[in-house]
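Asker: Swiss-Prot lists these features:
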- Asp80, Asp122, Lys123, Glu446: Mg(2+) binding site (BINDING)
- Cys121, Cys194: [2Fe-2S] cluster binding site (BINDING)
- Lys123: N6-carboxylysine (MOD_RES)
- Ser472: active site, proton acceptor (ACT_SITE)
Amino acid sequence: MRSDMIKKGDHQAPARSLLHATGALKSPTDMNKPFVAICNSYIDIVPGHVHLRELADIAKEAIREAGAIPFEFNTIGVDDGIAMGHIGMRYSLPSREIIADAAETVINAHWFDGVFYIPNCDKITPGMILAAMRTNVPAIFCSGGPMKAGLSAHGKALTLSSMFEAVGAFKEGSISKEEFLDMEQNACPTCGSCAGMFTANSMNCLMEVLGLALPYNGTALAVSDQRREMIRQAAFKLVENIKNDLKPRDIVTREAIDDAFALDMAMGGSTNTVLHTLAIANEAGIDYDLERINAIAKRTPYLSKIAPSSSYSMHDVHEAGGVPAIINELMKKDGTLHPDRITVTGKTLRENNEGKEIKNFDVIHSLDAPYDAQGGLSILFGNIAPKGAVIKVGGVDPSIKTFTGKAICFNSHDEAVEAIDNRTVRAGHVVVIRYEGPKGGPGMPEMLAPTSSIVGRGLGKDVALITDGRFSGATRGIAVGHISPEAASGGPIALIEDGDEITIDLTNRTLKVNQPEDVLARRRESLTPFKAKVKTGYLARYTALVTSANTGGVMQVPENLI
């Protein structure tokens, strides 16, 4: 066993003394059992994580029952909804790397035989997956699950995106103070990840198709008995996989990454999944081209439109058959998935999901009647984004295939929000927000406040927004993010000026500023070099090492320093 490194031999008697002092080992014979880490992310201020202590206790009991010894440790977590719209958002994406580094440190320092990961919200799930790829120790994931959708006084389903859009609607005067406060109290009624197809739930669904989690991981409610039983079954399966030496890199192959993007397309997942899945591929040693994502989009139908793109919540998806029903439907179209891959169950993707039929065709459409013949995400290229940009086409009004408008440029999120709120931004504008990428932000802040204000003011069809920052999974509208290279790295988005004509072509997947190359070249000559906004602490180190979004926004040590 891997853990023999810390518990076998006379020279490790001091380590054994310390292990006995933990109280986890009940007798000397326990030293012969596998040591299993429980990588938890319990934290009081994140509603998606407040119940994870209880789930970890269930996992511990099941791991002991299966004949192994559990040891729990915790990671940090940032709630993107609470950190939104202020300097706290700079820390959200960078927290992914801290989580990966922290988990790697504990797992490798103590030579665990396996790891039970309990994530739930936005950056915690991908951070833990990065750690799993890096350490390549037998592992299983079981997230905390989604919360129930709220209910407005008018009987309308509410999610967190409803609340962000309500801010714009309230400023516009289209809803009353009483209605606004009622929504605030009822939008998030239980613990769990936010109820729509936002980043957390997108990633937790993708773990099913990647093969790292059990079926229904992405949709079973946080407060359900099914979630607690899933934790137990995952613990038993992990101990079995330790004995069989089934490792994460055996499961997460190039084909698994393809299938993750295919499910993302079918469910209209968050644009952040592109960022995180590229980072996962990078950590797994898989060279993955953005162009590949468009090829997947073209062959994958859009089957389930979930909040914020509709009124359906994750619980509705679960009741309609969950991710297994979507995977089963996609498997009926040859070439869409790679169903004979091994998964954490020890069975193939096909064996896990075959025969799981759709129970509600309003929530999950069939191949015969998709929302769209092509997937809900697109990668755009052009002279603004030579290395790519991302748009959630599933969140764009279906009548819009192209949008051409005049640029109105802002060098920060806050400047843009102020201009939208004071009505400087009008119909026909393309809002350009730059210097908000991984290096420029720093931390690639989410642009949910400006996009929600645009939609809340009733301009969702009439104003577009492009940025080198990113979006919340709750974003909808004509919103293009992840523009690469970013402005801070000298990307062409830095060259756009007010009044430039910009065209977003969703059919041909292009993003262009309609200016001659010689004009852009002259502008580049006078471009002021970017200066880091943060000079000390973690964000200073992050700024120095982070890459643009097209590589997943990962931190890389320059080759000359290795």
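Here the Cβ of each residue, glycine as well, is placed from N, Cα and C on the backbone.
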Asker: Do you know offhand how many angstrom separate Cys194 ([2Fe-2S] cluster binding site) and Asp80 (Mg(2+) binding site) by C-alpha?
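Answerer: About 11 Å separate the Cα atoms of these two residues.
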Asker: Taking the Cβ of Glu446 (Mg(2+) binding site) as reference, which residues of that chain separated by at least 6 in sequence fall under 8 Å from it?
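Answerer: Sequence-distant Cβ neighbours: Asp80, Met84, Met89, Ser92, Gly469, Arg470, Phe471, Ser472, Thr475.
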Asker: Name them in sequence order: residues not among Asp80, Asp122, Lys123, Glu446 whose Cβ is within 8 Å of the mean position of the Cβ atoms defining the Mg(2+) site.
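Answerer: Once Asp80, Asp122, Lys123, Glu446 are set aside, the remaining close residues are Val78, Asp79, Ala83, Met89, Ser92, Leu93, Cys121, Thr199, Asn272, Ser472.
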Asker: Would you please pick out, from the binding-site residues Cys121, Cys194, the one with the fewest other Cβ atoms within 10 Å of its Cβ?
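Answerer: Candidates: the binding-site residues Cys121, Cys194. Fewest Cβ atoms within 10 Å: Cys121.
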Asker: Let me make sure I understand the structure: which of the binding-site residues listed (Asp80, Asp122) has the fewest other Cβ atoms within 10 A of its Cβ?
Answerer: Asp80
Asker: Suppose we draw a 10 Å sphere around the Cβ of Lys123 (Mg(2+) binding site). How many other Cβ atoms does it contain, all chains included?
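Answerer: A count of 29.
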Asker: Including all protein chains shown, what's the count of other C-beta atoms within 10 A of the C-beta of the residue listed as 'active site, proton acceptor'?
Answerer: 29
Asker: Can you see whether DSSP assigns Glu446 (Mg(2+) binding site) to helix, strand or coil?
Answerer: strand
